[in-house]
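Engineer: Before I ask anything, let me first share the structure, which is written out below as structure tokens.
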Amino acid sequence: MILRRLVLAGSLLLATAFTSAKKADSPIITATRFDHEPINLFYFGDSDVVMLQDIKNGDVYVSRDAGVKWDMVNLDGLKGQALSLWSHPTDRTKAYILGKAGKHWVTNDQAKSWHEFSADVEFFQSLYPLVFHGKDSDRVLLQGQKCFGRDCKEVTYYTTDGFKTVDILMENARGCNWAVSTPIFGDGLNLSKEVNDRIFCIVPGLQSPWSDYNRLLYSDRFFKQDPGTEAPLDSGRAVSGVVRTASVKKYLLAAAKSARTSELALYVTDDGSQWHRAEFDGHRVEEDAYTVLESTNYSIQIDVVAETPSAPMGRLFTSNSNGTYFTRNIDHTNRNSLGFVDFEKIANIQGIILVNTVKNWEDVEMSALVEKKIISQISFDDGRTFQPLKAGKHDLHLHSVTHLSNSGRVFSSPAPGLVMGVGNTGGHLKDYYDGDLYVSDDAGITWRKALDEAHKYEFGDQGSVIVAIFDEGRTGKISYSLNHGKDWKEASLPDGIKIRARILTTMPDSTGLKFLLVGSAKKDSEVEHYVISISFTDMEERTCGKDDFETWPARLNEKNEPDCLMGHKQFYQRRKADVDCFIKKKFQEPVPQFEPCKCTVEDFECDFNFIRSTDGKSCVPARNLPVPEGACKKPDDKYMGSSGFRLIPGNACIREGGVELDKQIERVCTDTLTVPVSGEIAVQKTFFTADNYKGYFYLERKDSSKGDDETVIMITSELQIYITRDHGKIWKEIFPGESITRIVPHQYFDDVAYFLTNSGDGWYTLDRGENFRTFKVPIPPNQDKLPVLSFHPERRDWLIWTGAVECKTRGPQCHSVAYYSTNHGSEWHFLMQYVRRCEFIKREARGSSNNLVFCEQFENENPLNHHLQLLSTDDWFSEKKVHYNNILDFATMQEFIIVAVRGEKPQDSLSVGVSVDGETFAYADLPANVQIPVQRAYTVLESRTHAAFLHVTVNNIEDHEYGSILKSNSNGTSYVLSLSAVNRNTYGYADFEKMQGMEGVAMANVVGNVADVEKGAAKKYRTMITHNDGAEWTLLSPPSKDSEGRDYSCSTKGGKPTDKCALHLHSYTERVDPRDTYSSPAAIGVMLGTGNVGEYLTLKSEADTFITRDGGITWEEVKKDKYQWEFGDSGSIIVIVPESRPTKTLFYSLDEGKSWKEFQFSEVEMLIRDISTVPSDTSRNFLLWGNEVGNGKKPGIATVNVDFSNLKERHKQCVLNEEKPEADDYYLWEPIHPFQPNGCLFGHRAKYHRKRPDRDCFIGRELQHLDSIGDICECTRSDYECDYNYEPQIDGTCAPVPGLQPLDPKLICMEDPKAVEWYEPTGYRRIPLTKCEGGKQLHHIIPHACPNKEEEFLKKHPGLRGVGLFFVVMGPIGLAAAIGYYVYTRWDGKFGRIRLGDTGSGGFFASDSLFISIPVAIVAGVVAVATALPLLASSLWRSVKGYARVPGGSSSQRVYSSRAAFAAQRADYVGVVDDEDELLGAEDFDEEENDDRGQV
């Protein structure tokens, strides 16, 4: 495959052949001229048949005499249609031509005949189109994409009979692999037939298309009647975030990356069934920062990028035989930015490796501007030790893989022991053009100069012939040697041709006497391309006899004796260097001979469950050892167990008389447990020399991250900074005396945080506080309370720094300046001045450039005019684009960019600008009766369900604020009213919260006495809930009885809530810490809250605590009084502690709140200010934050770690079998819509893993809760919401907004050139989240052809012609008139309202009847159209809850860029940090970014 990257060309046109004069003592050279450069040249194995391709016109050529003569492949339909040419990697008879128009061709007889097959697929560069089975060459996967206009989706085909038949395997797969992907996969393991059929595919998550949610599915039946099973990558569990798979030798690898970290987890299997996580000797593996190298049959070689922000360097690791434990071989390997590593194994000789390393690595780590000094080293013992290359007494350095100059291997070939390279002697490697050609004929032990200047080279006849050609410019000759490169002769190219050599190659096994040279020549102003055949077959050389060969040892030890590796010595019969003969054994590769050795220490590796000790001399347990049957009745018992070693599988050493490291030894039973089970909850209290804490945040380890730390960082009221790596058991002060004034956690990567001083300089960590590095900034921080650091969502090391210059006197010349860095601040570059803020805009949902940056800049660089422009660039403002000239602010979310745009006049309403790609903006259509006066505000609530939610202020009088929630369509441009009178506070934050982990469930608090509030009365609140993403809202159903078994004072109606009797909960605006949400993404279906049952929400001091386990449909009272709560172990542990009153005890539940146990955590009463755990809620540790207040109290703030890890009920790991998910400790839970009798929610039935509440076990690392999306349901009214210019009524109906002028529904034809039709409005639109199919299509009823699209329209609707079309068009008009009159005179007073509520069967004119709904819409005369950007089909964002606020005029409250800043109370931060985002700020109070819920 390297070849098809190296030879990038136009195309070929066969022209003329030239042949040099035949001489008995020199090779025959034949040149064939082409008009364009050839690509995709390859040999069929064990043959002289060669193929290449003309990329310009798609022609394919074949030669059957090793390149002397060429013929075009003539096939019906092939002319001009070939896209690419591929050879089969293991079958020497097969090749493939992939075409442009869905037609493709395969040969099974080395291009003698071709078979055409069809597959509707387009190909793209990021995916290999052909994936081959390792042992059956007829089994092939074909991967690409299908495109319908701009809408493309991946598609994978498969064949089991060599493309005689082709079937679709799967759509939307992001890469598939056969389990048996190499010829040696599973050798010696007796694989079942199922594994031979097994295919692994990376597919999108069930609820999200983002790569962080990718799943790895496998099927043994080609996904037929089998949706696939998730691969149990991690201890039997599925893992999300799988980004790629790869096969090497006998291993299959899968790489996974969790959200909010750049660290990868690598999983390995050698049988396609059992997977293990690879461990890299404590080293982190970063995304796009590892390279799987050429490996052996018994280990994997991987180069991992060293943790440096500057020039790429790596560390070389080698695995044990099952690929699970990797040992470091050598540091500072040379890499390039493309991931290529200077590493090569010498062909067909075990254990010899040639690498390049960076000599001045310390200087390079300090600065990216330092040029690397590269040196070459070689290992003769499989990478255990390395030594310099020697040319005489001098060190030799050779150019390697990062500077490829030819196809195929860099140094070696199948010719035994012959190695060549271009380089120089001296202290380090120089430029390629300063190098000479060197050769070794003893596998790299000694080297000598072969030719001056750089040359391309190739081996033939098992090394009897070496051919070289000058590689520093044009030449008219070749050089060749017949004695291992000692002496050289020259031969001229025919007809005086002088070419620039591109490729010099020969047959893959290097056993022939023919070579191919590809190059280009200049003739006048034209470029000519040549394929030149070089043949030594007719030279007057005899055939070698027995005496012409020597037994050559492939490896020598330090005593110059044949060396042992993998239990044997290796030898070859090799032609002596100085004999005059050719071997002439064409297609017969040299066969190694082996001599067994006695077993030594090197023949053993660490056994399962063991890893190398620090000194590398022994193997120590890596985890709890399994308890032998019947052993370990007592802790002090002993048993016979593994020594920690095992013989490397495949090792052939002689046991007798050798070392026996794998002999069982006596072990004590304490080895089977790392920590004794106490059965009790552990407590650790720590006091600090400060009265309070200013804030804290978690640097959470993600599933793909190594280690087991639970890191928390706290800043006290005395500005001391502490860190704990074990969740508060041991705290350590960091940066004492350094005057840290800002702590900035990375907005998108939880491993990273910055600690800054007033000057802006400081420290940062990339590994959750394990190490800290210094950080330098280009200018001091700004003094305008603007965020100083902005982060890239996908590139961890890309930063924008907003500082200030000329500010010593704070005069008018003081202004902000933005700089950017792409290497963690090692280098800074000017971006823009007079900015308010700049942000990277790249999101996975957008196809935009990584470099896309938005900046708010004062117009004409003049802050006094108060006009902020919104600008963008994708080239660091070499060029810029102005989107808006006068904005208030903008908010970036995963799916949308929303801009608050000022009107031309001060009294004008704010406009909403929306973009989904960061390039094209459109104004959003808000309901006509919803305006945003300048002096008011709107709040961007969230955008993770294909729709944006805005809270628009209606009343902004202090203490009387409320507004309306608007919901957008899927591209954010058309909004409808979702809920009125939603409460907000003075700072603009609304009582609205999405339930985490479940689709479409949200709660909001509304003002229940709006009319009185408008007259000055205090607000009274009610809590509402939606189960269909805001389309319908209802009150919360109260419990039937309280926690003491007593009835409530009010009564419901048939178990349903009423205006007088419902459950009401205190919401977002009343929280001290905004991280204290109702729900957790880890505890599916469970929510807790404090409130009361009645007509309205009462005082918080009167609140009790409630829980729901079914997503908010039913509730129970947990305890009287108000409690703080936290979920642990994905909800299998719930802890509550009294709020605002002293206590010594907490309560915990192990069964989702059905029962509670009391636990005393302190001898002295404490006032607990907060309870916390890791943001994912997966830990069994909790932290209580508070002060002692009782008798014997100690001064200062204290933390109390409460550890449930040793609780006997939570010490055993729960078992989840992905193939039988309900067989063990889990069951499948299906959420339902409370008004849907068929159990459908958003058009499908989803099933979630939930732990059985009665099982005594712990869940552990984050569980993929969503198991499957089952049946897709037919569409019903619950899958629709009110369309634009319709609004919901109190009774659940939808009515047109009075007095509106209808929009033109034909706009869709103008906005989307591909649109064929437009539809008459019905008042309905699909909920963006729904997956329903068929059923009631309430949004698309009556179609009309777009102008000039009548023909396409009729093809789409072939029955609509002539009279039939007349009746289809005219019939509904007459029918609408008749039914409209009937409705007008007979209906129940709800004329024009379309109910989206319960689906009943009320007959012909039932309120849910499609027949009545449509005429009502027509008579109402309301036209709804989405003025949509044709940009985004569908997307989904995870559960994040940040705010980004756009305030009103000068009298409005000051901007809080996040709810964290609001919640932390700004006054507490004065003197610590100059802007809201910095100290534990906008992004630190949980994983919640300022990226998704924005107050604007």
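Think of each number as a place in line: the chain as shown, counted from 1.
For all residues, glycine too, the Cβ spot is worked out from N, Cα and C.
Relevant sequence annotations retrieved from Swiss-Prot are reproduced here:
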CARBOHYD  N190  N-linked glycosylation site
CARBOHYD  N297  N-linked glycosylation site
CARBOHYD  N322  N-linked glycosylation site
CARBOHYD  N971  N-linked glycosylation site
REPEAT    61-71  repeat 'BNR 1'
REPEAT    438-448  repeat 'BNR 3'
SIGNAL    1-21  signal peptide
TOPO_DOM  22-1362  topological domain 'Lumenal'
TOPO_DOM  1384-1409  topological domain 'Cytoplasmic'
TOPO_DOM  1431-1496  topological domain 'Lumenal'
Engineer: Using a 10 angstroms cut-off on Cβ to Cβ distances, just flag whichever of N322, N971 is the loneliest among these glycosylation sites.
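Structural biologist: Counting other Cβ atoms within 10 Å of each of the glycosylation sites N322, N971, the minimum falls on N322.
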Engineer: At the Cα level, what's the spacing in Å between N297 (N-linked glycosylation site) and N322 (N-linked glycosylation site), rounded?
Structural biologist: 10
Engineer: Sort out for me which one of N190, N297 has the most neighbouring CB atoms within 10 A, since those are the glycosylation sites we care about.
Structural biologist: N297
Engineer: What is the separation, in Å, between the Cα atoms of N190 (N-linked glycosylation site) and N322 (N-linked glycosylation site)?
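Structural biologist: On Cα coordinates alone, these residues lie 16 Å apart.
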Engineer: About how far apart, in whole Å, are the alpha carbons (Cα) of N322 (N-linked glycosylation site) and N971 (N-linked glycosylation site)?
Structural biologist: 48
Engineer: For N190 (N-linked glycosylation site), what is the secondary structure state per DSSP, taken as helix, strand or coil?
Structural biologist: coil
Engineer: Please count the residues of the repeat 'BNR 1' (61-71) that DSSP assigns to helix (H, G, I), strand (E, B) and coil.
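Structural biologist: Secondary-structure breakdown of the repeat 'BNR 1' (61-71): 0 helix, 4 strand, 7 coil.
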Engineer: DSSP secondary structure for N322 (N-linked glycosylation site), reduced to helix/strand/coil, please.
Structural biologist: coil
Engineer: Of the residues in the repeat 'BNR 3' (438-448), how many are helix, strand and coil by DSSP?
Structural biologist: 0 helix, 4 strand, 7 coil
Engineer: Across the whole of the topological domain 'Lumenal' (22-1362), what does the mean pLDDT come to? Round it, please.
Structural biologist: 89
